[in-house]
Amino acid sequence: MGHYTEKGVGSKLIDVNGKEYLDFISGIAVCNLGHCHPKVVEAVEEQMKKLWHVSNLFQIEGQEQVAQLLVDHSVLDYVFFCNSGAEANEAAIKLARKSTGKHHIVSLTNSFHGRTLGSMSATGQDKIHQGFGPLLTEFTYIEMNDPKALEEAVTEKTAAIMVEVIQGEGGIRLMSNEYAEALTSICEKHNCLLIVDEVQTGIGRTGTAFAYEQFNLSPDIVTVAKGLGNGFPVGALLGKASLKEAFQPGSHGSTFGGNPLAMAAAKAVLTEVFQKDLLQSVEEKGNWFQQQLQQKVGHFQVVDEIRGKGLMVGIACHTEVAPVIKACLEKGLLVLPAGPKVLRILPPLVVTKDELELAGDILADVFATIEQQNSVNI
Ligand SMILES: *Cc1c(COP(=O)(O)O)cnc(C)c1O
């Protein structure tokens with residue numbers, strides 16, 4: 001936005017001049033319940049007057065409640081709290097190495113796992129590494145959806161394979177079901193762990209509590225962050241019971257991780273998002289929105305493919321999307337890129353069909369103008 005944002009209400013952002021925008025970025029898949037969701041505001045406000053911080057030297061009731069919600073809605077058994085996605089992935093890498101006694105990690109090209117040295121080393125994109133010197137050793141990157149490359153890269157020395165089931169920053173690229181099956185069997189064969197990074201896809205974004213469910217996976221470790229606090233910074237690692245021994249007090253920790261304020265936000269978020277009706281509505285609205293987009297923009301020559309799951313949607317284009325994003329902004333719609341040629345659309349999960357329809361109309365307008373300009377240029 002050209003001007004400071006002053007206020008956010010549900011799917012809308014309002015700048016200092018009073019101009020309204022339809023926010024289909026959601027703070028990059030963070031404000032899944034929309035801006036200033038009343039239940040989250042209330043929970044944090046109440047906690048703010050009671051207790052902010054005691055450190056993890058003490059038991060924190062909120063942590064137990066949030067962990068229970070996460071465990072009840074996943075195949076995982078225990079939870080470690082931290083403050084961001086990168087930290088959750090850092091913890092995942094450490095846990096995988098310590099619990100297996102092995103060091104080799106396989107991850108995917110075009111992946112994004114964060115900006116700390118560990119999570120950056122797992123990130124399979126040169127442009128993210130540029131200028132930061134030697135990365136951690138024993139990381140191998142392979143192309144997603146190529147089972148043969150997987151077969152070749154993974155050995156008995158591999159501690160873990162780390163993946164996103166839908167690559168977010170990397171261009172809303174979906175894992176194939178065949179590849180998900182190959183992941184399961186190769187992990188079994190070589191006794192290595194499967195880490196699914198759900199920092200962007202988790203917390204209802206794709207129409208299920210976690211996206212791995214839709215790929216028939218049973219990960220050993222899942223990481224979450226973005227949507228967990230609806231804007232309050234918080235991250236978490238979810239692990240299988242068998243890994244618990246490797247992370248004891250003293251082996252890994254965080255001063256702020258899981259503090260009472262963050263837990264108040266997360267508990268309110270999960271109580272809302274994990275409701276069956278809400279998750280179903282995300283799936284349903286997502287499918288409907290993709291159909292709408294097919295009709296409204298699918299026919300333009302610059303549009304290559306519309307893809308995604310739930311309310312994590314990409315429009316892959318044949319040209320750079322920066323001008324599309326700028327034109328949308330001018331018309332009051334906020335969307336973001338995922339790589340140079342993919343438009344990424346992440347509406348809040350509480351978005352209405354009217355708002356989805358309006359966004360589709362704005363995109364149709366913008367693509368029509370761009371197509372016209374292109375034909376004039378030719
Ligand atoms: C955003 C993101 C991260 C990094 O999270 P931060 O909170 O920015 O550290 C890691 N993995 C994925 C898939 C992400 O989308």
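Just so you know, glycine gets a Cβ as well, placed from its N, Cα and C.
Remember, TrEMBL labels are computer predictions, not curated facts.
TrEMBL lists Gly85, Ala86, Phe112, Asp197, Glu198, Val199, Gln200, Thr255 with the feature pyridoxal 5'-phosphate binding site. Per TrEMBL, N(2)-acetyl-L-ornithine binding site is recorded for Arg115, Ser254. As annotated by TrEMBL, N6-(pyridoxal phosphate)lysine applies to Lys226.
Sequence features, as recorded in TrEMBL, placed on the structure.
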residue : record                               : Cβ neighbours (10 Å)
Gly85   : pyridoxal 5'-phosphate binding site  : 26
Ala86   : pyridoxal 5'-phosphate binding site  : 24
Phe112  : pyridoxal 5'-phosphate binding site  : 25
Arg115  : N(2)-acetyl-L-ornithine binding site : 13
Asp197  : pyridoxal 5'-phosphate binding site  : 32
Glu198  : pyridoxal 5'-phosphate binding site  : 31
Gln200  : pyridoxal 5'-phosphate binding site  : 28
Lys226  : N6-(pyridoxal phosphate)lysine       : 28
Ser254  : N(2)-acetyl-L-ornithine binding site : 16
Thr255  : pyridoxal 5'-phosphate binding site  : 10
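Counting only the Cα atoms, the space from Thr255 (pyridoxal 5'-phosphate binding site) to Arg115 (N(2)-acetyl-L-ornithine binding site) is about 20 angstrom.
For Val199 (pyridoxal 5'-phosphate binding site), the same-chain residues that are 6 or more apart in sequence and have a Cβ closer than 8 Å to its Cβ are Gly85, Ala88, Asn89, His113, Gly114, Gly168, Thr223, Val224, Ala225, Lys226, Gly235. Within the set of binding-site residues Gly85, Ser254, Thr255, Gly85 have a CB atom less than 6 Å from some atom of ligand 1. DSSP assigns Thr255 (pyridoxal 5'-phosphate binding site) to coil in the three-state reduction, outside any helix or strand. It is 15 Å from the Cα atom of Gln200 (pyridoxal 5'-phosphate binding site) to that of Arg115 (N(2)-acetyl-L-ornithine binding site).
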